[in-house]
Amino acid sequence: MDTLDELLPREKMLRSGIASLSDVELLALFLRTGTPGKDVMTLAKEILQHFGSLYGLLSADFAQFRGVNGIGLAKFAQLKGIAELARRYYSVRMNEESALLSPEMTREFLQSQLTGEEREIFLVIFLDAQHRVLQHSRLFSGTLNHVEVHPREIVREAIKLNASAVILAHNHPSGCAEPSKADKLITERVIKCCQFMDIRVLDHLIIGRGEYVSFAERGWI
């Protein structure tokens, strides 16, 4: 009888479940085929070594993929499709469950929405008094290193939805999640603007490449 380590990813998944697969095996399952002279497991291993992790792989752009032997446009499209499926899954899950059950769930959702974006995107999650999700919206879009945020528009949308609280989030395409002075200032402005309408700002999360910063966790909110 074959041991689990000797099984191909598909057979291993069918026998022991998807969670039994390593990152290399899971990637090989999606890639399906290798390249001339290189089987799919070897290709998957080399790709992960190049990008460091699944996170680094799925947030990479095509220019970064071009430096990897065996990755053409077709396989790049496959991998970006996987990332988009994950993003849509979290979006649907958020809408259907209508609840942020933990800080981890909030972070995972925001990472799924903002990772890999080439411009700064400012997203707001609107919550009711029980912290159930009413809506999440990409309210502002900017450049590579700046996004202009208008606090009054956030408040206007919150009032329209009858929201009692909001969670702010934006990405840093550079990869470093550390907040800038401008990030801190705009957070203060949004908080002050929301306070006039008795709307709480629960957190502001900055999403980088494989890292994040939570203003609430740092005691800034």
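The backbone N, Cα and C atoms fix where each Cβ goes, and this holds for glycine too.
These come from Swiss-Prot:
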BINDING   HIS170, HIS172, ASP183  Zn(2+) binding site
DOMAIN    99-221  domain 'MPN'
MOTIF     170-183  motif 'JAMM motif'
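Features recorded in Swiss-Prot, as mapped to the structure shown.
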| residue | record | Cβ within 10 Å |
| --- | --- | --- |
| HIS170 | Zn(2+) binding site | 26 |
| HIS172 | Zn(2+) binding site | 23 |
| ASP183 | Zn(2+) binding site | 20 |
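Excluding HIS170, HIS172, ASP183 themselves, the residues of that chain whose CB lies within 8 A of the CB mean position for the Zn(2+) site are, in sequence, GLU120, VAL147, ASN171, ALA177, PRO179, SER180, ILE206, ILE207. Each residue of the domain 'MPN' (99-221) gets a DSSP state, and the totals for helix, strand and coil are 38 helix, 36 strand, 49 coil.
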